[in-house]
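Written out below as structure tokens is the structure these notes cover.
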Amino acid sequence: MWRRWLGIKRSGILGMNGRNRHYIGRYNDRTLYPLVDNKLKTKELADSYGIPTPALLHTVSRQHEVNDWHHHVPAGQGFVIKPVKGSGGKGIVVIDHHDQQQFVKTSGTVLSLADLQRHISNTLSGLHSLGGTPDSAIIEQRVTAAEAVQAFAYEGLPDIRVIVCCGFPVMAMTRLPTHESDGKANLHQGAIGVGLDMASGRAISAVQHGALVDRHPDTALPLAQLSVPGWSDLLTFAATCFDMTGLGYLGVDLVIDEHRGPLLLELNARPGLAIQVANQTGLLPRLKAAEQRRREALRWSPRQRVELAQQLFAHSNNPSKPDDSSSSSLS
Amino acid sequence: MSARGPAVLIILLFMLGIGLIAHRHLQYDVPLLPGDSQTVWLVEARIDFVAQGEPVRVDMARPTRQTALVPLQETGASPGYGLNFIDQPYSRAVWTIREADGPQTLFYRSEVLVSPTQGNEPVPAPQMKQPQWPTPYASAIDDLLQQAQKTSADNLSLTRELLKLFAAEQPQQHVVLLNNRYNDNLPQLLVDMLHSAKVPAAVVYALELQDGRRNQVLLPMLKVWQGGDSQLFFLPGQEPVVTEPGQLLVWNPDGRPLLDVMGAQHSAVRFSMIRQQESAYGALSMQLSGHYDLFNFSIHALPIEEQAVFKTILLLPIGALIVCILRILVGLRTSGTFMPVLIALAFMQTSLWTGLIGFILVVAAGLLVRSYLSSLNLLLVARITAVIISVIAIVGLFSVVAYKFGLTEGLKITLFPMIILSWTIERMSILWEEEGPREVMVQGGGSLLTAVLAYLAMSHPWVQHLTFNFLGLQFVVLALVLMIGSYSGYRLLELRRFREFAH
């Protein structure tokens, strides 16, 4: 057991306690949490920093508005209902198309207007919100991911998670929904995590339930061929989220829209650790390299930080250990 | 938080905690292990009455030396009252005041040492009366006494035979008749019957000694004299829960009235008790000195009722420590952070298996009800309320079913705090909808495992002894929690999660 402990430590794996104490505890001021926990605030903030987000169609914040929300949804088009203070994809309903009475989810399940009214009403009561506080629901335009990524997903929207430490994007993956994950991009529900090369946005390795996979189980496409278009822009948006929120340890969820390019979906102040498994490498060396430059990060533009990160964390040259991450102990 | 901050604090807390424990152990001789000690019961009587603006005299019986029990030290709390402990001719505590008005409360406290070698101290037999009964009761009584006389040899066997008649499963006509007439006063009837058969007897009242009990009432018993000796008999339908010798404290061994109040109304007396483990010397030195210095922070100075509450409260940090260890060091997932501790507390009220089975049954049934309620399209708050009401119904149903099957254990589930169950059901069902049944099993199982381990720690006699007698232990627990909180290494389960990186 002790040898395993040492082996994992040597691989630079970040554990839950290390994440909570050394990164979230040290770099994420709790007063900043509302910025990421409230999707409306995140949207406004992103707009002011020039980061595009999915178009907001309507907001429902009172129970009596629950009965006529559907008039604000353009006929025929798909849309997404989200709790403003939800986390981890809780309470999100994606509608593919509808006729104002019958609402068809991407999986083909048909929901009635009453079903959705109840869902929104539950959301307002705080069923899906952090800590169960009263909440609002937002209705957003449904995003269709760019073909290059969407083709690999099944019945859902694949998103791209970038971990940003002290302003530097350090690790990234794309999460592909599967039949098992019910169209959701949550890894613990069975979605596939594909580690992405920081330099190029190409797939490195893919895992499902923590085990390596070559092909998507539903579409049978070889995952190694996945490559995210507009990679540098995407990383720049992710890096800008540091300036936007002031959070030093951040998970940025983005999606590549067919027409609009990278869009910010949501931010996460407590991003999970599975990204290490998807990338088959530990976060710690990269996090330390980023931490060492945290003073410079404040002067540099997001673009400059991304350029450095792409050099430091490129998969092909030096996958996990940048030359200058000299210290190996936590302090 | 700087890296050195908690280290200094941890060391200080450790030193403070260990120091307090050592001081209490060395200075007051409180043993570290519950085994090498004697049991001392702290028993408190609380007398409530309403004075009417006149002189008040309250005269209460006091327990004396008896089989396996020795009263050590007696104190009374009685603001403004004169208090005297009288030993001759009978052991009484007498409170007096010239004038009092309104509700009054008096306290009497005794430290009673359990000493199995202690024999019964002879108490003179009471005066016998010659009672008279109206017809048809007189003839029924005569008949019963004759039956008992025939099959007995002396006072004690006569009493046994008489009690047997009253306790019979198919009672005779006479017994039914007397039971109906003297239902409220059966003990006194039996004493009167014995007196008419020239057997000295009295009703005495005994306190069942059970740790941490509050608001207890006394158990009526029959005391019968045979020459200079006397023996106690349980009354039919009034058998005590405790069985060991030294767990039944007779409050008025002489058979005189328990409480005699003049100048007041509505008097009532209730009892609280708590068990302490003291070394023989410790009990003695406490008695002799009776003074508490600065380092002897002691909750023993509190009224017993509060002490009994504290006894439970002081165990909570132990349960919380278990949660910290399992979550931070092992990496177990639980639903809610300290909900497992509350579940463990509930287990301590029932027993472990009853609690565990009851919990699983009620939560499973609750999940079914909840899934039906969610199809009714209710608002969230109304639905949680409906879940609470359903939980009460489910618990009631299970209790009745368990009782019908002869499982009195099932009744204990009613003590389960409703809100814990309702909350768990609501949370589990949301988890079920959003993350699927697997996550419910993971978190529910984690919670129950944590609760069981916390229960095992909190119900261990040694842990209970240490937490109650050594407040310094709380500082040690706090230091441990801070240490665990500063741990940033891998969790035990992460070694499995990231095992492929280990080579």
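Glycine too: its Cβ is placed from the backbone N, Cα and C atoms.
The transmembrane segment annotation in TrEMBL covers B:6-23 (among others). Counting residues 6+ beyond its ends, the transmembrane segment (B:6-23) has Cβ neighbours under 8 Å at 32, 295-297, 470-479, 482-483, 485-486 in the same chain.
For B:23-181, the entry in TrEMBL reads domain 'Inactive transglutaminase fused to 7 transmembrane helices'.
The feature domain '7 transmembrane helices usually fused to an inactive transglutaminase' is assigned by TrEMBL to B:257-501.
Residues or ranges marked as transmembrane segment by TrEMBL: B:308-330 (among others). Counting same-chain residues at least six beyond the ends of the transmembrane segment (B:308-330), those with a Cβ under 8 angstroms from any Cβ of the stretch are 211-214, 272, 274, 299, 302, 337-338, 340-341, 344-345, 348, 446, 449-450, 453-455, 457-458, 463-464, 467-468, 471, 474, 477-478, 480-481, 484-485, 487, 491-493.
When Cβ-Cβ distances below 8 Å are used as the criterion, the transmembrane segment (B:342-368) is approached by residues 312, 316, 319, 387, 390-391, 394-395, 398, 409-410, 412-413, 415-417, 420-422, 424-425, 428-429, 432, 444, 447-448, 450-452, 454-456, 458-459 of the same chain, each at least six residues removed from its ends. According to TrEMBL, the transmembrane segment annotation covers B:342-368 (among others).
If you look up TrEMBL, you'll see B:380-405 (among others) marked as transmembrane segment.
The transmembrane segment annotation in TrEMBL covers B:411-428 (among others).
Within its own chain, the transmembrane segment (B:440-458) has Cβ neighbours under 8 Å at 315, 318-319, 322-323, 326-327, 332-336, 339-341, 343-345, 347-348, 352, 355-356, 359-360, 363, 424, 428, 431-432, 464, counting only residues six or more beyond its boundaries. For B:440-458 (among others), the entry in TrEMBL reads transmembrane segment.
Sequence annotations record features per position, and here TrEMBL assigns transmembrane segment to B:470-490 (among others).
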